[in-house]
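These notes are about the structure you will find just below.
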Amino acid sequence: MGDVVQMHFSTVDYVIFVVLLVASAGIGLYYAFSGGRQRTTQEFLLADRSMRCLPVSLSLLATFQSAVAILGAPSEIYTHGTQYWFLGCSYFLGLLIPAHIFIPVFYRLRLSSAYQYLELRFSKSVRICGTVTFIFQMVIYMGVVLYAPALALNAVTGFDLWGAVMAMGLVCTLYTALGGLKAVIWTDVFQTIVMFAGQLAVIVVGTHQAGGIAEVWRKAQNGSRISGLDLNPDPLERHTFWTLGVGGIFLMLALYGVNQAQVQRYLSSRTEKEAIMSCYAVFPCQQIVLTLGCLMGLVMYARYGEESPLDKGYVNSNDQMVLYFVMDVLRDLPGLPGLFVACLFSGALSTISSAFNSLATVTMEDLIKPHVRPMTEARATLLSKMLALAYGLVCLAMAYFASLMGSVLQAALSIFGMVGGPLLGLFCLGMFFPWANSTGALVGLASGLVMAFWIGIGSFVSRMSAPVINATVIPNVGNMTTAVMTTLIKPKQRPSGVQALYSLSYMWYSAHNSATVVVVGLLVSFLTGPWKEKELNPGTIYPVLGNLLFFLPQRYKEKLCCVTPLEDHSKGLECQPYQMAQKDSNGVAYTKGEDKLREEDGEKITAQPTCNLAHTVQETAL
């Protein structure tokens with residue numbers, strides 16, 4: 001730990017930290033005992049589809065603004081300069097595409113889980129593979145998200161490591177299991193405000209101590225930390241405009257387009273329009289978050305210059321450096337260090353509560369309901385709550401494993417990115433390419449995952465064999481050994497062959513892996529007999545090819561399978577036979593054959609109103 005004395009919290013700091021936990025738990029308890037009291041799975045898992053735009057958008061923002069990102073961005077800027085800020089360019093398309101392609105498809109199908117779509121479009125086996133992949137991804141991720149900030153906090157302030165982990169894990173499990181998605185969304189709103197307040201406090205006080213914003217900027221410019229537009233097209237270069245601005249789009253699509261934690265928030269909105277508006281509202285908030293992270297990094301540079309606390313041995317890794325800086329800046333202001341720690345833990349809480357809730361949803365909707373029936377509404381809701389509780393305990397166990405992993409922590413974080421790409425590819429394959437069949441989807445997903453782990457683990461091993469300082473922060477995946485700008489480094493030998501693949505910028509992982517799934521999926525589909533658009537469930541294809549090839553005559557479009565516009569499926573009665581949209585009171589989905597049987601028994605089955613077109617779909621459509 002170096003020879004410096006650990007900085008300690010005052011009583012006021014601890015009080016602020018406890019208030020955050022109590023307030024979060026309070027919101028959960030409020031929703032557990034008010035309104036519908038979480039008695040139905042629809043309310044527990046989807047907030048009765050009654051949420052408005054603002055809370056949904058803040059919740060979308062908070063879900064992946066984890067503590068790891070709060071610690072990661074400033075140390076990235078401090079070490080490598082403001083190039084990272086160009087990630088903001090990817091947010092535009094990264095949120096526009098989900099708003100106008102993914103949300104309409106998911107919302108009009110009235111799904112509970114994004115993976116129901118995979119069964120509607122492909123088959124049950126594809127749905128189960130997608131679900132299992134997602135569960136694997138989130139379980140590993142949430143343990144690290146819980147453990148990493150507690151570890152950094154413990155190293156810098158001596159704050160009890162397992163006390164912090166247990167407090168966060170248990171409070172989060174409590175309000176998620178009791179209050180359902182409503183509690184998760186409203187605690188996210190509260191935690192987002194705390195996050196902004198904590199970061200702003202550090203930036204304002206730090207800037208004041210450094211002699212004003214102009215002085216901060218001047219020092220950063222003198223130290224070559226203000227980066228220009230780097231248009232180097234080389235995909236092996238860690239951060240350039242292209243890796244951040246284009247590669248970042250695929251990263252955003254994997255998060256905001258197809259991740260169950262986010263899709264669930266879209267589906268909890270009152271109307272499709274509110275869901276789209278909430279996606280729009282995330283855009284300015286994301287830019288503010290990114291700018292705050294960058295400013296904090298620059299204020300850190302203005303304070304320490306090239307003599308970082310890391311080089312002096314005061315801290316052991318980059319994420320601890322940010323906490324050291326915060327404690328250093330705010331040490332004479334009791335309460336403010338506590339506010340920043342509350343901000344940090346808000347990031348962790350909002351991420352893991354979303355993980356618990358989305359994991360409970362996919363386990364319930366995709367793994368239990370299709371195979372276990374009949375189930376009463378009360379029993380289904382109780383089971384959902386038990387699942388949320390169980391995942392909370394699994395998260396604590398994963399945090400314990402994360403503590404044993406040590407240097408593998410970085411790899412565990414990379415798994416999140418590794419798995420997100422192939423899942424994005426799978427949804428794109430289904431949504432944009434009518435020819436893709438379920439064999440193609442399965443082989444495509446498998447090849448995408450193999451490719452992802454091959455590159456991810458290969459690059460990790462090749463980095464570990466080089467003398468690199470270990471770090472536990474998402475953005476710092478590249479060479480940490482130097483604080484010199486990449487533009488000033490002497491040209492080094494370009495890697496070739498497999499080594500070049502391992503040297504691919506981590507920002508391209510998502511794009512590369514999703515492209516692998518689509519290409520392999522289409523090849524296998526054509527070899528095993530492509531499907532025709534007429535054979536597919538209506539509403540599962542977004543006519544992106546039809547829109548792009550608008551200039552072709554109709555008969556060629558029909559041959560290419562890109563005719564049906566999406567809108568047709570949400571109008572008119574006869575063309576809306578969504579098997580899974582027909583649900584009984586506890587949300588169990590029935591397929592065509594079962595619907596026929598149930599109708600013969602004299603039941604009249606109706607679908608829920610599709611977005612704001614409140615018409616009833618009769619079963620005769622089938």
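Cβ from N, Cα, C; glycine included.
The structure displayed is predicted, hence computed values, not measured ones.
Features as listed in TrEMBL:
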type	residues	note
TRANSMEM	14-33	transmembrane segment
TRANSMEM	53-72	transmembrane segment
TRANSMEM	84-107	transmembrane segment
TRANSMEM	128-149	transmembrane segment
TRANSMEM	161-181	transmembrane segment
TRANSMEM	239-258	transmembrane segment
TRANSMEM	279-302	transmembrane segment
TRANSMEM	339-362	transmembrane segment
TRANSMEM	382-402	transmembrane segment
TRANSMEM	408-433	transmembrane segment
TRANSMEM	440-461	transmembrane segment
TRANSMEM	506-527	transmembrane segment
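The largest share of C-beta pairs under 8 angstroms with the transmembrane segment (506-527) comes from 239-258, of the ranges 128-149, 239-258, 382-402. Between the transmembrane segment (382-402) and the transmembrane segment (339-362), three or more CB pairs separated by 6 or more residues in sequence fall under 8 Å, so the two stretches touch. The recorded stretches the transmembrane segment (84-107) and the transmembrane segment (279-302) share 3+ CB pairs below 8 A when only pairs 6 or more apart in sequence are counted, and are therefore in contact. When each of the listed stretches 53-72, 128-149, 339-362, 440-461 is scored by C-beta pairs under 8 angstroms to the transmembrane segment (279-302), 53-72 comes out highest. Relative to the transmembrane segment (14-33), the listed stretch 339-362 leads the set 53-72, 128-149, 339-362, 440-461 in CB pairs under 8 A. Within the same chain, residues 118, 122, 125-126, 129-130, 133, 410-411, 414-415, 417-419, 421-423, 425-426, 429-430, 498, 501-504, 506, 509, 512-514, 516-526, 528 sit at least 6 positions outside the transmembrane segment (440-461) and bring their C-beta atoms closer than 8 Å to a C-beta of that stretch.
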